[in-house]
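**Q** For reference, the structure I am asking about is given below.
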């Protein structure tokens with residue numbers, strides 16, 4: 001845990017994400033999106049736009065200029081509602097309850113609840129430096145916004161929120177295969193850049209009691225086979241999961257079983273490759289013998 005302790009001391013705590021120079025340039029050049037889909041305010045939204053869609057041209061959080069990516073849409077500066085009374089601004093209002101940064105002997109730093117949360121309650125958002133994935137040196141603390149953007153080389157890139165040097169308490173949320181927090185994304189207001197730079201936040205997946213460790217699923221429900229197919233590694237997160245939940249996907253037993261299976265697969269492939277090389281050599285010998293005849 002010495003590295004984690006040093007990183008905590010060096011972390012610059014922030015309450016809102018900051019943009020890298022490259023992302024600032026992207027924001028300055030972003031164009032108004034042309035494609036408009038059906039976007040509606042939430043049922044609890046009290047702004048003037050009500051539940052009208054983007055096609056109606058309402059001056060609301062669901063107004064023209066915002067493209068839907070399967071996220072929540074919050075009211076912004078262009079809405080006619082009272083910001084102090086509108087219930088559709090949870091992410092903008094930020095964390096409302098204290099959280100405890102706790103060090104566990106086995107798993108390291110984690111976050112615990114100090115108050116009770118009901119299912120669906122907003123808990124915290126993920127803050128850091130918004131940058132291109134290709135410029136990030138520390139993937140452990142990168143939270144991808146899953147929005148592809150072109151690079152100068154023509155190769156695809158993605159925007160990530162990196163909390164390695166700058167971040168908030170959410171960077172210490174623990175992993176669990178049965179997490180008590182769910183990951184959500186939100187677009188705020190009408191800014192067309194928000195379709196690329198949306199907010200990542202966490203809500204209670206179930207009722208949470210004071211003292212409980214807060215957790216998310218680092219791998220979005222994927223198992224070892226799926227991660228291997230996608231060429232993703234869990235090694236820089238942990239050698240084995242210690243969530244001890246029912247159906248843990250990365251327990252020591254499952255990790256060893258997976259490694260044993262992977263070694264067997266590699267051995268089988270190596271044997272097949274060697275056999276094919278032997279067959280090719282025999283074919284060449286036969287051809288050479290025929291030529292000599």
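Numbers here mean position along the shown chain, with the first residue as 1.
The backbone N, Cα and C atoms fix where each Cβ goes, glycine too.
Under the heading compositional bias 'Basic residues', TrEMBL lists 265-275. The compositional bias 'Basic and acidic residues' annotation in TrEMBL covers 276-286. Positions annotated as domain 'SET' by TrEMBL: 97-219. If you look up TrEMBL, you'll see 261-293 marked as region 'Disordered'.
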**Q** Limited to the domain 'SET' (97-219), I'd like the whole-number average of pLDDT.
**A** 85
**Q** DSSP says what for the domain 'SET' (97-219): how many helix, strand, coil residues?
**A** 14 helix, 60 strand, 49 coil
